[in-house]
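Swiss-Prot lists GLY30, GLU31, ASN32, ALA33, GLN34, GLY35, LYS36, THR37 with the feature ATP binding site, giving sequence analysis as the kind of evidence.
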Amino acid sequence: MELESLKLDHYRNYSDLTLEFSSGVNVFLGENAQGKTNLLESIYVLALARSHRTSSDKDLVQWQAKEATISGRVKRSISETPLSLHFSNKGKKARVNHLEQSKLSHYIGQLNVILFAPEDLELVKGAPSVRRRFIDMEFGQMNPLYLYNTTQYKRILKERNAYLKRLQLKQTTDTVFLDVLSEQLVDVGSQILIARQEFLNKLELAAQPIHAEISDQREALKLRYMSSVDFASDASLEEVKSVFADALSRQRSREIMQGSTMVGPHRDELQFDVNGNNVAIFGSQGQQRTTALAIKLAEIDLMQQETGEYPVLLLDDVLSELDASRQTHLLLAIQDKVQTFITAPTLSDIARQLIRKPRVFHVKQGVITLENDT
């Protein structure tokens, strides 16, 4: 899979921009605050219909403009597909092959991307919500049903929390509707729990040899999925539903008292252990970065296994955060395999040696020029 071209209209600091890309490595060089990250963000948004930098689509629209459009042409092994996203005060519209999609879950997955940025180092040591979002966004690209279920779960959870708040404030005493919402939450949430466990099992298998290689076989990586629903890793869907329902039943009084759902996928945690220790607490910064890098590289292979296509890799100012050894592992792993977009102030000697025939763009105050045109 590759992104052949990108067009931005009134997106961030770009009024009108069209770029054609190499199927290999594309590099955007420039100082900070020139628009490099905006370019990678636009590719991420084109793929996932949301930004990793802001929760408000209004931030994506250029200052004093009323609407913005991102469009691109995606090449797969057997087809080419035009994609576009249009943002306005009426919301966003997603199109595939020029046809508007009724649901974003029908759109996401047309272009698969993996982003590796300095903040992704927080994947290991950041808040649990960072890791839950990581699972949902990465697995959601591979599995449309999972993406749909997470959307449904959030809707039910919001409604259930609102009703718990009403019970807390004694605006109602009727718990029959709470039973209905609990049943819906269990039905959808149990599917999410099983899917997450299966995804993390596969991710662990893919990441372990990569992690061992980067650490020169000195360290062993283990992924631990710690759910607020205490189900066995090999449990059936019906068994998970039963355990989930029992957990909600036991927590009912506490939930009404606090006006919030205390059990479910939204409370789950992912932990990374290295040599049996939680790397977020006991690991060095080097071990934490090795873990994050191994997970990101494992995603590439796992996405290819699950979808039949390699994803597009976005490296946003991350090379400078890695030492020479980790830079080498990263660049060798993607060589001649994955279309890659890199932003950096400059390229290190290592990067220039390992990146074959990159297409280099220079970015200055939102103006982009090809290196061989300068």
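Quick reminder: no glycine exception, Cβ is built from N, Cα and C everywhere.
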*So how many other Cβ atoms are close to GLU31 (ATP binding site), meaning within 10 Å of its Cβ?*
11
_ATP site shell beyond GLY30, GLU31, ASN32, ALA33, GLN34, GLY35, LYS36, THR37, criterion: Cβ within 8 Å of Cβ centroid_ = THR343, VAL363
_Helix, strand or coil for ASN32 (ATP binding site)? Use DSSP._
coil
*Would you count the other C-beta atoms found within 10 angstroms of the C-beta of ASN32 (ATP binding site) for me?*
8
_Close in space, distant in sequence - ALA33 (ATP binding site), Cβ under 8 Å, 6 or more apart_ = none
